[in-house]
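The annotation heme c binding site is assigned in Swiss-Prot to Cys116, Cys119, His120, Met239 on the grounds of similarity to another entry. Sequence annotations record features per position, and here Swiss-Prot assigns domain 'Cytochrome c' to 103-210. Feature annotation from Swiss-Prot assigns topological domain 'Mitochondrial intermembrane' to 78-280. The feature topological domain 'Mitochondrial matrix' is assigned by Swiss-Prot to 302-320. The transit peptide feature in Swiss-Prot is assigned to 1-77; the stated evidence is sequence analysis. The transmembrane segment annotation in Swiss-Prot covers 281-301 and is backed by sequence analysis.
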Amino acid sequence: MSLGKKIRIGFDGFGRINRFITRGAAQRNDSKLPSRNDALKHGLDGLGSAGSKSFRALAAIGAGVSGLLSFATIAYSDEAEHGLECPNYPWPHEGILSSYDHASIRRGHQVYQQVCASCHSMSLISYRDLVGVAYTEEETKAMAAEIEVVDGPNDEGEMFTRPGKLSDRFPQPYANEAAARFANGGAYPPDLSLITKARHNGQNYVFALLTAYRDPPAGVSIREGLHYNPYFPGGAIAMPKMLNDGAVEYEDGIPATEAQMGKDVVSFLSWAAEPEMEERKLMGFKWIFVLSLALLQAAYYRRLRWSVLKSRKLVLDVVN
């Protein structure tokens, strides 16, 4: 840096310091002089303070209203995207000591077979799984024999058809996914084997979905080929209402209302998704009983056996 530039920087710095000192002295002198408008200033300050308080109150109210509107908008958009939150129904098999209603499972299988099986598959369920749960072995064999299964190859290397057996899975309604989408306007009917586990709040969701069809509210337009259902994400579903009063004639004579059919088919689907539930609960109680006995035995030995050994003192008597 040149000498002239250093000198200019020094003068600039000195000038700034001088202006700062002069300004501070002037402010101190002004503060000592009495003002002619003190009363007016005091009144204006009070008015400004009241106005600022009112402004802050209005700002707080506006922020609260804006927050409520934002929350309502977010809740509405979330409801439209994910569907309504399903109510909780008192399913009889959800208790700790409860088991499945096997009569309801049998009726639910009847509803699935006559209403749902034309579009939805249950690829993980075999006919033998129904034995002892909803049907006897003879009834299940007769039911399986009603279907035809493509098997093979035979000794000549050709495929053949045969009557169904207990080891066969439930038949598929469509040959492949493309055929299923073509038959349902582009929508793919999901497999129902694990549907109550694959959906959030599964049992309640399936029941609410099956029984909540209604006309769309004012201002909501549904594309042709879709149906309004508030519990389905987006509110528009390709599946029409399938459960109508009297759609199925139960073998035990119970009236087949919409709610009854929905309850029964959900019981059947819950069993299909978790057939080991009853065995798991029973095994849990067995383990609790065994571990309780082990805990009591450990407490006994800890209190009456080990405490004696733990508190024992050994005295070493050294004989000279």
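Count begins at 1; order follows the chain as displayed.
Cβ coordinates are placed from backbone N, Cα and C, and glycine is handled just like the others.
Sorting each residue of the domain 'Cytochrome c' (103-210) by its DSSP state yields 46 helix, 12 strand, 50 coil.
Looking only at the binding-site residues Cys116, Cys119, Met239, the densest Cβ neighbourhood within 10 Å occurs at Cys116. Highlighted in sequence order, Val115, Ala117, Ser118, Pro189, Leu192, Met242 have their Cβ within 8 Å of the centre of the Cβ atoms of Cys116, Cys119, His120, Met239, the residues recorded for heme c, and are not part of that set. A C-beta separation below 8 Å, combined with a sequence spacing of at least six in one chain, links His120 (heme c binding site) to Tyr112, Pro173, Pro189, Pro190, Asp191, Leu192. Residue counts of the topological domain 'Mitochondrial matrix' (302-320) by helix, strand and coil are 10 helix, 0 strand, 9 coil (DSSP-based).
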